[in-house]
Amino acid sequence: MNTLMKIQLVRPVFRITLRNYGKPERFMWCQKEYARAPKVVCLDGNEIPVIGLGTFNSPKGQVTEAVKVAIDAGYRHIDCAYVYQNEDEVGDGVEAKIKEGVVKREDLFITSKLWNTFHRPDLVKSALENTLSSLKLKYLDLYLIHWPMGYKEGCDLFPTDKDGKTLYSPVDYVDTWKAMEKLVEEGLVKSIGVSNFNRRQIERVLEVATIPPVTNQIECHPYLTQKKLIDFCKSKDITITAYSPLGSPNRPWAKAGDPVILEEAKIKEIAAKKKKTPGQILIRYQVQRANIVIPKSVTKDRIESNFQVFDFELTPEEIEIIESFECNGRLVPLLNQYGHPHHPFEKDEY
């Protein structure tokens, strides 16, 4: 699919060009200036706001306020996960804004993820119910299999043996997927998808699915543009959700001397030319690729800034510069999980 799509906004006026996306009607732009993010229409007809608030590695005690600030700033998409251990704070923020009358539940798009210790089909529903309880919600808009790799069932999020090696579950993610489909049938989730799946793993899911995944949430930034995987997913009408779009500079395992995409001189030059921040440039880059993007922040100014990316356009030349940083630079490689039969990156598969 090589559709060239040009979409015109009413206010502020600009044109955005998206290549290799497919059906023009599947990327809808809202007409209200900054009031709402554009939405991607998924293959099941459900709509996902193109910018969401990420909550990975958000400090305890700060998440509730971050969610409230985000909703006030216009965000309607919140991305969370059981393993982040802050879903209760996300729920408090959402509940507060609903009680204030700022939003209704149906205005929001809430995503969470099934953790690796709950891959066994009989555990999937109870895992979701725990998440719903923490979030104080009756349903999720989107539920993802967080990783294709199952871990040993139990209370430990990262179960290990006496030598520190991760203990695996023999469950195949295709069996987990069938249990995910039942959640849709029961009305507990509206859409289901995957995260960190490579091409072959998605193909295996599609082979058994009666409800196909609507999105693949993957690491995506200029050091890792994921062009092959994105093209494959979009050929199957699977949207992309980009995590770590700013290069995850505060990731706990970062080492001194690791490159920081926000500090790259060429990115800063583009930002200065546009009178924008480097972060806004990187978020806009994902938006122009028709990718959903979920930057994380707990800082009010940054949360608001990350949302203000709809009043400018990157030129093809600027996009070429941004993509020149591609180096297969994966920042979330899960090296300590090498050896798992379902590790998505060990064989450098896309």
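Quick reminder: no glycine exception, Cβ is built from N, Cα and C everywhere.
Its Cβ taken as reference, Tyr84 (active site, proton donor) is surrounded by 21 other Cβ atoms within 10 Å in the chains shown. The active site, proton donor feature in Swiss-Prot is assigned to Tyr84.
Positions annotated as substrate binding site by Swiss-Prot: His146. Remark: His146 (substrate binding site) has Ala81, Tyr82, Val83, Lys113, Leu114, Trp115, Asn116, Ser195, Asn196 as non-local neighbours, by Cβ distance under 8 Å and separation of at least 6 in sequence.
Within 10 Å of the C-beta of Lys300 (NADP(+) binding site) we count 15 further C-beta atoms, all protein chains included. In the three-state DSSP scheme, Lys300 (NADP(+) binding site) falls into the helix class. Residues or ranges marked as NADP(+) binding site by Swiss-Prot: 244-306.
In the three-state DSSP assignment, the secondary structure recorded for Lys113 (site 'Lowers pKa of active site Tyr') is strand. Per Swiss-Prot, site 'Lowers pKa of active site Tyr' is recorded for Lys113.
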For Ile292 (NADP(+) binding site): DSSP state (helix, strand, coil): strand
Neighbouring C-beta atoms (10 Å sphere around the C-beta of Val260 (NADP(+) binding site)): 15
Neighbourhood of Arg284 (NADP(+) binding site), C-beta criterion under 8 angstroms, separation at least six: Lys276, Val309, Phe312, Glu313, Leu314
